[in-house]
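Student: Let me give you the structure first, and then I'll get to my questions.
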């Protein structure tokens, strides 16, 4: 059964379609404390998600991570022993991809957030670059987050875990996710042999390829990390014009999901 990776049935009911709990990183190791300066820990209505800082005032996450009360934490590694330069923000404004009957639910799983106050670059905080071009098949990419590290149990680590996965032929995902269009605004990524994947607690986090954010954690198999069941990531490159337009102040073409 396909579920968007979130932690609560409440959000599943709110979105009105089957989704998987917020993802974790299965099969990974603790991230180096200096390799995730852009990574955001998102708490929203009791749900844990991830996000990505793209400049001092803006960040990206998944639309299905939206909630009434969102707390955004920057510069975090250990949740129990926070870095001294950790900063906390809340959304000033949230933007969703424009409504369109030409796109599936997966194509629209992106949220652009303007922070209530800009964050300051520091030892553990810095933005990640937007993509200059889309990744090609077989590109090795990185996933990361504080999500559960077990495909069958909710075991949440104190520190973020990282793993490498590959961009997979989109036909593999179309075979597993009914209704996924050939020209979908998504990326298919994973390890076809299984063993490495995002899972509960990492929805909205980044798929990083060649030092750029290429994807946003969206949908995956249940349980996680199964063979021949790669995950779907919202394709950031296909939303670039919209992202840049919003940041530039053109908000006319948006509507809530």
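Don't overthink the numbers, they just go from 1 along the chain as shown.
For all residues, glycine too, the Cβ spot is worked out from N, Cα and C.
Below are the features listed in Swiss-Prot for this protein:
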{"type": "SIGNAL", "residues": "1-18", "note": "signal peptide"}
{"type": "DOMAIN", "residues": "25-248", "note": "domain 'Peptidase S1'"}
{"type": "DISULFID", "residues": "31-162", "note": "disulfide bond"}
{"type": "DISULFID", "residues": "49-65", "note": "disulfide bond"}
{"type": "ACT_SITE", "residues": "64", "note": "active site, charge relay system"}
{"type": "CARBOHYD", "residues": "102", "note": "N-linked glycosylation site"}
{"type": "ACT_SITE", "residues": "109", "note": "active site, charge relay system"}
{"type": "CARBOHYD", "residues": "120", "note": "N-linked glycosylation site"}
{"type": "CARBOHYD", "residues": "121", "note": "N-linked glycosylation site"}
{"type": "DISULFID", "residues": "141-209", "note": "disulfide bond"}
{"type": "DISULFID", "residues": "173-188", "note": "disulfide bond"}
{"type": "DISULFID", "residues": "199-224", "note": "disulfide bond"}
{"type": "ACT_SITE", "residues": "203", "note": "active site, charge relay system"}
Student: Out of these disulfide-bonded residues, 162, 173, 199, 224, which one has the fewest other C-beta atoms within 10 Å of its own C-beta?
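Tutor: Per-residue Cβ counts within 10 Å for the disulfide-bonded residues 162, 173, 199, 224 bottom out at 162.
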Student: Measuring Cα to Cα, tell me the gap between residue 64 (active site, charge relay system) and residue 203 (active site, charge relay system) in whole angstrom.
Tutor: 8
Student: Have a look at the disulfide-bonded residues 65, 188, 209, 224 and say which one has the shortest Cα distance to residue 203 (active site, charge relay system).
Tutor: 65
Student: Tell me which of the recorded positions 49, 65, 121, 199, 209 ends up closest to residue 173 (disulfide bond) in space, Cα to Cα.
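Tutor: Result: the closest of the recorded positions to residue 173 (disulfide bond) is 199.
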Student: Among the disulfide-bonded residues listed here, 31, 49, 141, 209, which has the most company in the form of other Cβ atoms within 10 Å of its Cβ?
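Tutor: Comparing the disulfide-bonded residues 31, 49, 141, 209, the most crowded Cβ belongs to 49.
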Student: I'm checking region-level scores; what's the whole-number mean pLDDT for the domain 'Peptidase S1' (25-248)?
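Tutor: On average, pLDDT over the domain 'Peptidase S1' (25-248) sits at 92.
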